[in-house]
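**Q** Before I ask anything, let me first share the structure, which is written out below as structure tokens.
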Amino acid sequence: MSVEITFVEQFQEILQNGKEQIILLNFYAPWAAPCKQMNQVFDQFAKDTKNAVFLKIEAEKFSDIAESFDVNAVPLFVLIHGAKVLARISGANPQKLKAAIDEYIQPLISQISSTNASVETQVNSVQTTNTTSNTSKAPNGLDSELNERLSTLTNAHNVMLFLKGTPSEPACGFSRKLVGLLREQNVQYGFFNILADDSVRQGLKVFSDWPTFPQLYIKGEFVGGLDIVSEMIENGELQEMLPN
């Protein structure tokens, strides 16, 4: 069955706990006729698909979440697995949505469920991948050069904020709120506008294993997004982590 998101913390918790799961996001508007039709289709697909999470998100009500996934029109469906966006399906098109489920969800479910796969098969698969790729890969799967660049960026300052826009002109609500929190705490930090470099933007999702922005790093270690940082400020953890 599908789950209706009713508060931001619920969404963040599902993302945090569902890194190994396949998640399909349905951004909709209750007043739009195409969304009403696709909500019914979405609910039916949710009933028919096991071992995947189907989330419905009212785009205008949760504009910050919508902005973090670059939602410009509804209905929009975003398929994610871990930190990777697998597919985006725009508009009222049940056939395309079903095709994406068949292409991405079903194979991944089979892969996750195949606990009896032989070691030999896994080794052969890795060998095949390695022989067909001339690009050096980091352990997280990123291109080695990009991974090294991200490591350098995240260590550029003791505290680094990766956001949409700049601290003076944030380009999304989440970024604006986190900038405000850091200012209230008198935190000195460096920043990087991920809208200016898509390779950094997409790479950080894998590097941090976190699919949304903003992202805060302290001494090169990923701390979290807006909700996690907010909680850490409330319980005093953030101040303890900050360099003297």
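Including glycine, each Cβ sits where the backbone N, Cα and C put it.
According to Swiss-Prot, the protein has these features:
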| type | residues | note |
| --- | --- | --- |
| BINDING | LYS164, ARG201, GLN202, GLY203, LEU204, LYS205, LEU226, ASP227 | glutathione binding site |
| BINDING | CYS172 | [2Fe-2S] cluster binding site |
| DOMAIN | 2-106 | domain 'Thioredoxin' |
| DOMAIN | 147-244 | domain 'Glutaredoxin' |
**Q** Provide, as an integer number of angstrom, the distance between the C-alpha atoms of LYS205 (glutathione binding site) and the residue listed as '[2Fe-2S] cluster binding site'.
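**A** With distance taken Cα to Cα, the residue listed as '[2Fe-2S] cluster binding site' is 17 Å from LYS205 (glutathione binding site).
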**Q** Any idea of the Cα spread of the glutathione site, LYS164, ARG201, GLN202, GLY203, LEU204, LYS205, LEU226, ASP227, as a max distance in Å?
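**A** Max Cα-Cα spread across the glutathione binders: 21 Å.
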**Q** Which residues, sitting 6 or more apart from LEU204 (glutathione binding site) on the same chain, put a CB under 8 Å from its CB?
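**A** Counting only residues 6 or more apart in sequence, the Cβ neighbours of LEU204 (glutathione binding site) under 8 Å are LEU150, PHE162, ILE194, TRP210, PHE213, GLN215.
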**Q** Out of LYS164, ARG201, LYS205, which of the binding-site residues is least crowded by other Cβ atoms within 10 Å?
**A** ARG201
**Q** Where does CYS172 ([2Fe-2S] cluster binding site) sit in the DSSP three-state scheme?
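**A** Note: CYS172 ([2Fe-2S] cluster binding site) is coil by DSSP, not helix or strand.
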**Q** Counting every protein chain present, what is the number of Cβ atoms, excluding its own, within 10 Å of the Cβ of ASP227 (glutathione binding site)?
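**A** That number is 18.
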**Q** At the level of the C-alpha atoms, what whole-angstrom distance separates LYS164 (glutathione binding site) and the residue listed as '[2Fe-2S] cluster binding site'?
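**A** About 6 Å separates the two Cα atoms.
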